[in-house]
Structure formats: structure tokens, C-alpha cells
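Reading through the C-alpha cells given below for one structure.
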Amino acid sequence: MRTPIVAGNWKMFKTIADAKQFADAVKEQKKVAGVEQVICAPFTALSALAEALQGTEIALGAQNMHFEEQGAFTGEISPLMLKEIGVRYVIIGHSERRQYFNETDESVNKKTKAALQHGLKPIVCVGESLEEREAGKTAEVVGTQTKAALSGVSVEQLADVVIAYEPIWAIGTGKSSTSADANETIAIIRSVIAEDFGQEAAAAVRIQYGGSVKPENIASYMAESEIDGALVGGASLTADSFIQLVQGAR
Ligand SMILES: O=C[C@H](O)COP(=O)(O)O
């Protein structure tokens, strides 16, 4: 039985003051059990949010990290630094990072392994572009990305990995994938994982869908057999909407 997981990716939104306001608003809402909840905030808001989210069900996540513990890497943040402030999840290889910050399958793999070595749970993003989809390459693209990201990960470590399938054309566009299409691609990702880790381990991995998920459509994704939650951008920015997403995922 896979516990559903809803993760909000705030991207480059929210100051510390905004983040605290979000946490205060969440505290006023009724707690929702049975769904793991994560907020992946900008680095600057993480410490304040760690404190502000105390007493809530929400775990803290980062949106990126370097794979080294320390070193001359100006502007980077290491897994040790994230652990120190109570971060439990970290998004790795989001398509925006692949597109704008030269993230490659190789760096995604290094970061995934580094996160696991430091006790952080990676949310590894995979997904095809519109061009790749129209060329019939979806299975090949997500299969290659998944295999590359998980290369060298042990079966035991795989239990702490979350995969987020995010078709690039569905991110922030309002054009979400149909739940049936997302389910089909996620089934492909699971079968690719089974090739390297075995059926049992693959069956236990949580795989989220991401791309224009909202409170109004999350239930349709959750009704699918292979989808274990959502990675949500825009609709995770208000406490009200985030809680509705979590309720919809139950
Ligand atoms: O990480 C989240 C995704 O990029 C989806 O963003 P969105 O929900 O705003 O489409």
C-alpha cells in the first residue's frame, strides 16, 4: 500500500513573511490524515518555515541542492545544509532546472544519490516535451531519464525515492494531461524501475503526477491505479488551495 504524497513546489515565489503567513493559515485548517504533505520552499524561507510549520503535518522540502557536502561552489547549497535545518525532501531534476540551469541526467543522478546518502528523500522529476510527445517518444524519454536518475541507487534506498512524472507541456499551462494518459506513462516508469530493481521494489515506489494539478482535478488523478499523489506548482501557493489538494488526494 503506497501512502499518497502531495508536494507543493513554490518555485521562486514567497518571501519569509509570505511563508509564515501560509503556515499560520494552514494551522487554522483541519488536519488531514492519510496523505503525506510536503512544501518545497525557496532556500531563503526554509529555516523560518521549519519553525512555522511545527505542529502541522507538513514536511519541509527544498527545490534543488548540490551533490557535494561542501566546497568552492559559489551560490550552491549542500545536502548537509538542508539536513541541518530540518529539510526532509528535495526536488531533483525539475524540468525548469534541466531547461534553464543545465541540469543533466548525470547531475540528476549525482544529486539523487547524494540526497539518499544524507537521509533526504529525493523527488526526482521526469517528463517529456511537447515535441517529444508528438514524435511518439514519451516512453523512451521518461524511461531514459528514470534509469539515469536511479543508476547506482540500492533497492533499500529506492524505498525513499519519489518520482514525479511531469510532462513539460502541462507545467503552468493549464493544459493538464488526462488522468488516463498520465496513468499509462506512470505505469511505463514503474515497469522501467522493475527492470532494474525487481517487481516488488518497483511496486512500492511512489510516483506522482505534476502539471496543472488543481483542487478540482486532483481526485481524477488519484483515482488511477498507478498515481500516488501530485507535485503542484501554482495551486500550492495558498494554504486554502493546498489543503484542498491534500483533501482531494485522500
Ligand atoms: O513542480 C511543479 C510543476 O512544475 C507543476 O507546476 P503547475 O502545477 O504550476 O503546473
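First residue shown is number 1, and so on along the chain.
Positions of Cβ are set from backbone N, Cα and C atoms, glycine also.
Whatever TrEMBL says is automated annotation, not expert-curated.
Because the structure is a prediction, the values reported are computed rather than measured.
Taken from TrEMBL, the feature substrate binding site covers ASN9, TRP10, LYS11, GLY172, SER212, GLY233, GLY234. Long-range C-beta contacts of TRP10 (substrate binding site), restricted to its own chain and to partners at least six residues apart, with a cutoff below 8 Å, comprise ILE39, CYS40, ALA41, PRO42, ALA45, GLN63, GLY233, SER236, LEU237.
As annotated by TrEMBL, active site, electrophile applies to HIS94. Taking the Cβ of HIS94 (active site, electrophile) as reference, residues of its chain lying under 8 Å away and at least six apart in sequence are, in sequence order, ASN9, GLN63, ASN64, GLU103, CYS125, GLU166. In the three-state DSSP scheme, HIS94 (active site, electrophile) is classed as coil.
According to TrEMBL, the active site, proton acceptor annotation covers GLU166. For the recorded site, GLU166 (active site, proton acceptor), the DSSP three-state label reads coil.
Neighbour density for SER212 (substrate binding site): within 10 A of its CB lie 21 other CB atoms from the protein chains shown. The secondary structure of GLY172 (substrate binding site), as reduced to three states from DSSP, is coil rather than helix or strand. Same-chain residues at least 6 positions away in sequence with a Cβ under 8 Å from that of LYS11 (substrate binding site) are, in sequence order, PRO42, GLN63, GLU96, GLY233.
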